[in-house]
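Here is the structure we will look at.
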Amino acid sequence: MGAVRQVKVAVLGAGSWGTTVASLAARNVDTVLWARDAAVVEEINDKHQNSRYLAGFALPRRLRATTSLEEAVYNADVLVTGIPSHGMRQVLSDCRDFVRPWIPIISLTKGLEQGTRLRMTQVIDELLPGHPTGLLAGPNLATEIMAGYAAAAVIALPDEQVAASLQTVFASPRFRVYTNTDVVGCELGGALKNVIAIAAGMGTGLGVGDNTRAMVITRGLAELTRLGEALGGDPRTFAGLTGLGDLMATCMSPYSRNRMVGEKLALGMTTEQIVAEMNMVAEGIKTSSVVVELAEELGVPVPICQEVHGVLHLGRSPVQAYRGLRRTAATSEIDGLA
Ligand SMILES: NC(=O)C1=CN([C@@H]2O[C@H](COP(=O)(O)OP(=O)(O)OC[C@H]3O[C@@H](n4cnc5c(N)ncnc54)[C@H](O)[C@@H]3O)[C@@H](O)[C@H]2O)C=CC1
Ligand SMILES: O=C(CO)COP(=O)(O)O
């Protein structure tokens with residue numbers, strides 16, 4: 001993939017992040033963005049904007065959009081999927097007849113599939129077997145990237161050379177793209193941090209102190225690392241951009257949708273009310289259930305995720321959740337299990 005300008009990229013999903021990554025790629029290579037909504041496609045092609053998801057930002061003029069999956073995908077050299085986890089399987093299934101057999105497929109999604117409990121690259125491997133499959137992740141709040149703030153991400157694929165060949169597709173002077181071969185660790189970091197961000201948001205909403213929030217973030221990292229390692233991730237990955245880095249960005253930023261969900265729960269809203277008034281996805285809501293199931297099956301303690309799940313899905317209150325966390329026994333910081 002040396003002659004990068006000749007590479008054709010298809011990005012599926014024109015939400016905040018799909019549109020942002022397509023905008024990054026369009027500055028380097030020929031890029032087409034697939035959206036299911038004709039009005040979104042029309043606005044991107046005619047006005048170079050996506051006001052529903054990225055209001056106020058100008059998109060590259062060379063970025064094209066289409067509602068046709070076949071048109072987006074049939075001659076792509078790289079397929080990028082920015083569909084929320086609950087819709088990924090269906091969209092992949094709809095486009096599998098058009099995808100060329102050898103091309104890399106890169107997931108942008110930070111969630112686990114309900115029911116199957118699969119990571120998104122596993123869902124891709126199931127529906128489109130035989131492709132080099134990986135992901136792009138890191139502390140990357142879409143609106144900050146669009147506004148031009150510097151950031152870094154990781155492109156993770158099992159083959160280092162394929163990962164390295166894709167760096168230039170997404171990178172810019174303000175967007176550093178590192179490589180990693182630990183797909184499992186990078187993918188789990190991105191999915192699990194969303195659940196901890198809901199806990200951090202609840203803390204913000206309840207008015208806890210900064211020390212308390214730091215405790216939640218740090219012990220959240222311990223939880224994420226423990227479960228991630230049990231599921232096959234490299235412990236070093238969780239201290240990197242896709243683990244600690246993304247956890248910090250998401251827990252600290254008022255732009256994070258997951259943190260916002262936590263804040264609204266603390267104000268007394270129910271999960272159903274919050275989802276009903278959101279026009280974007282907060283993956284941590286669904287992923288919290290999968291995390292609790294996986295942790296129980298593997299015997300890995302995840303007290304913070306369990307409290308978040310309790311508030312989101314079992315009617316516990318955020319105050320009860322924070323009281324519950326205070327009651328968790330403090331054991332050895334490094335080897336302890338809670
Ligand atoms: N927004 C951000 O800053 C970042 C988001 N992500 C991840 O990227 C993924 C996508 O998130 P966003 O673009 O932010 O979400 P969004 O809520 O802004 O947009 C979601 C997009 O997916 C489409 N969609 C929803 N359900 C669908 C379905 N069943 N079938 C087909 N299309 C469907 C929507 O029409 C919309 O275009 C999520 O997993 C998120 O965690 C990752 C990094 C940064
Ligand atoms: O993953 C993200 C930043 O890296 C975006 O987080 P939210 O989905 O919580 O907005």
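Every residue gets a Cβ built from N, Cα and C, even glycine.
Automatic, uncurated: that is what TrEMBL annotation is.
As recorded in TrEMBL, the features of this protein are as follows:
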ACT_SITE  K193  active site, proton acceptor
BINDING   S16, W17, R36, Y53, K110, A142, R257, V281, E283  NADPH binding site
BINDING   K110, G138, K193, D246, S256, R257, N258  sn-glycerol 3-phosphate binding site
DOMAIN    8-162  domain 'Glycerol-3-phosphate dehydrogenase NAD-dependent N-terminal'
DOMAIN    182-321  domain 'Glycerol-3-phosphate dehydrogenase NAD-dependent C-terminal'
Assigned element (helix, strand, coil) containing E283 (NADPH binding site), judged by DSSP: coil
Distance-selected recorded positions near ligand 2 (C-beta under 6 Å), from K193, R257, N258: R257, N258
Recorded positions whose CB lies under 6 angstroms from ligand 1, from R36, K193, S256, R257, N258, E283: R36, E283
Where R257 (NADPH binding site) falls in three-state DSSP terms: helix
Largest inter-residue Cα distance among S16, W17, R36, Y53, K110, A142, R257, V281, E283 [record-listed NADPH binders, Å]: 22
Rounded distance in angstrom between the Cα atoms of D246 (sn-glycerol 3-phosphate binding site) and E283 (NADPH binding site): 14
Minimum Cα separation from R36 (NADPH binding site), reported as the residue among recorded positions G138, K193, S256 that achieves it: S256
Max CA-CA distance, Å, over listed sn-glycerol 3-phosphate-binding residues K110, G138, K193, D246, S256, R257, N258: 16
Greatest C-beta neighbour count within 10 angstroms, which of the binding-site residues R36, K110: K110
From G138, S256, N258: binding-site residues whose CA lies within 10 A of E283 (NADPH binding site): N258
